[in-house]
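*Asks:* For reference, the structure I am asking about is given below.
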Amino acid sequence: MSLRSLFVAGLATLALAAPAPQIQARQGMSSNELESGPCRDVTFIFARGSTEQGNMGFIVGPGVCSSLKNDLGSDKVACQGVGGAYTAQLAPNFLSQNTDQASIDAATDMFDLANTKCPNTKIVAGGYSQGSAVIDNAIQALDSDLKAKVKGVVLFGFTRNVVDKGQIPGYPKDQTKIYCALGDLVCDNTLIITAAHLSYGADADDAAKFLASKVQG
């Protein structure tokens, strides 16, 4: 069986066994508070993992958004998922950037929108699985002024963890927190999916506290 087949089979099998307690959560959710809502003090941009539905997914994105609002105030945070050309398909995981350029561009568009629509907002970001590669590559592509407005980033099941040496190249390491669960082989530069890769919902509160500390500092 090829590595690609293992990746697809692993996702299919483990998705059925994922510990998501609610059917609604399994279906994923979307948040477009930057695109459709008023400017808020903090904007959280998130890219979901492969095959997750909605633009926030269900494994960890909605949890970080909810916890961040609890920490900072629901009227202070706008949550925005990366959608559009980023359709979270499986195949782009096998490309050199662990995603495709169209998906990276979809994320950079969200950073650009936050900057132009809400110039005073503090930007934080996160990504899970393929979404971690989307955010990683997007932040590298930002110009220096916009990159400086990104106050903190959290990455879960970081597919480029080995390649990028546990950081986002060109972005401050102390503003980045990477979550790689014990037994998550994706963090070891493989695309083999284990149960550990679906465990990051448990880290949502901690990730939100990290991001909150960066915008409050």
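Yeah, the Cβs are placed from backbone N, Cα and C, and that goes for glycine too.
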*Asks:* Using the record from Swiss-Prot, pick out the residue from C118, C187 that is joined to C180 by a disulfide.
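*Replies:* So the cysteine that Swiss-Prot bonds to C180 would be C187.
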*Asks:* For C118 (disulfide bond), what is the tally of other C-beta atoms lying within 10 angstroms of its C-beta?
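*Replies:* Excluding its own Cβ, the number within 10 Å is 19.
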*Asks:* Around the Cβ of H197 (active site, proton donor/acceptor), how many other Cβ atoms lie within 10 Å? Please give the count over every shown protein chain.
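*Replies:* For H197 (active site, proton donor/acceptor), the 10 Å Cβ neighbour count is 27.
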*Asks:* Inside 10 Å of the Cβ of C187 (disulfide bond), count up the other Cβ atoms and send me the figure.
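*Replies:* Its Cβ shell of radius 10 Å holds 24 other Cβ atoms.
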*Asks:* Tell me which of the active-site residues S129, D184, H197 ends up closest to C118 (disulfide bond) in space, Cα to Cα.
*Replies:* S129
